[in-house]
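As structure tokens, the structure follows; a few thoughts come after it.
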Amino acid sequence: NGFKCHCMSESHQRQLLLASENPQQFMDYFSEEFRNDFLELLRRRFGTKRVHNNIVYNEYISHREHIHMNATQWETLTDFTKWLGREGLCKVDETPKGWYIQYIDRDPETIRRQQEQERKKKQDLDDEEKTAKFIEQQVRRGLEGKELEKPVYTELNRENEEEKVTFNLNKGASTSIAASSKTSSVLGPNALKMVEGTVKRKETTHSSGQSKEKKKKSALDEIMELEEEKKRTSRRDYWLQPEIIVKIVTKKLGEKYHKKKAVVKEVLDKYTAVVKMIDSGDKLKLDQTHLETVIPAPGIAVL
């Protein structure tokens with residue numbers, strides 16, 4: 001058959017002679033090729049996800065041109081997995097279902113991006129600590145020199161046990177005036193008016209207390225406003241850029257322009273663009289909400 005003819009061919013016999021002269025060199029070469037191809041597939045296909053080693057190996061041997069493991073220094077896939085863990089190329093762990101591997105990305109760009117994220121996270125924590133210290137200082141400054149007033153409880157005593165409390169319900173202007181003058185002359189001041197005056201005084205005191213409390217919270221409110229302003233400034237919801245290709249999605253301009261492509265020629269106030277139709281060359285001024293981005297064709301430059 002074909003395989004037997006290949007094994008008996010002159011080129012194959014010559015390769016066997018070369019391999020028999022220096023077998024370690026050929027094994028090292030095939031081992032390096034197998035390792036590089038396996039790690040490249042693991043990095044490109046699965047990234048830094050934790051995955052079963054058999055899944056990666058089955059996908060690797062599915063390629064037509066691959067290095068067989070019996071040509072390498074590793075006898076089994078388990079030996080190769082353990083070797084990856086010892087060399088620090090992957091994180092490996094054994095489970096009842098088998099060995100799992102996780103690629104360790106040592107790319108300089110990836111490391112730089114991770115360091116940038118950690119630095120940003122640390123900066124956010126420092127900002128939160130500064131804000132907490134500032135609030136604590138404001139609270140401490142507001143409490144300096146002030147002692148907490150303890151409430152004094154007094155007993156309710158009536159000066160005259162025989163005095164009757166009369167409630168006057170106003171049914172009219174004339175009767176209320178007469179009744180109030182008569183009652184005030186007989187029993188003194190009206191009890192309802194006394195209660196009303198007391199309630200008004202309490203409301204005045206409560207409102208003044210609320211104004212003081214608002215003054216105390218002004219520092220905290222200022223910090224919250226600064227945080228909201230920081231979030232608003234960092235938020236970006238506009239995407240229009242000159243020389244990008246967009247599609248018109250509004251139907252207000254008619255079927256002539258609906259779903260047609262155009263090129264952004266000028267951007268006005270970040271949300272309005274002057275576009276030029278690709279097919280007709282017409283120029284239109286449209287809002288960002290009436291446009292959508294398109295996927296560029298292969299070979300087209302992107303921003």
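Glycine too: its Cβ is placed from the backbone N, Cα and C atoms.
Mapped onto DSSP classes, the domain 'DNA/RNA-binding protein Kin17 WH-like' (14-140) shows 87 helix, 15 strand, 25 coil. According to TrEMBL, the domain 'DNA/RNA-binding protein Kin17 WH-like' annotation covers 14-140.
Long-range neighbours of the coiled coil (111-138) within the same chain, counting only residues 6 or more positions beyond its ends whose Cβ lies under 8 Å from a Cβ of the stretch, are 105, 219-220, 223, 227. What TrEMBL lists as coiled coil is 111-138.
Feature annotation from TrEMBL assigns region 'Disordered' to 198-220.
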Rounded mean pLDDT within the coiled coil (111-138) lands at 82
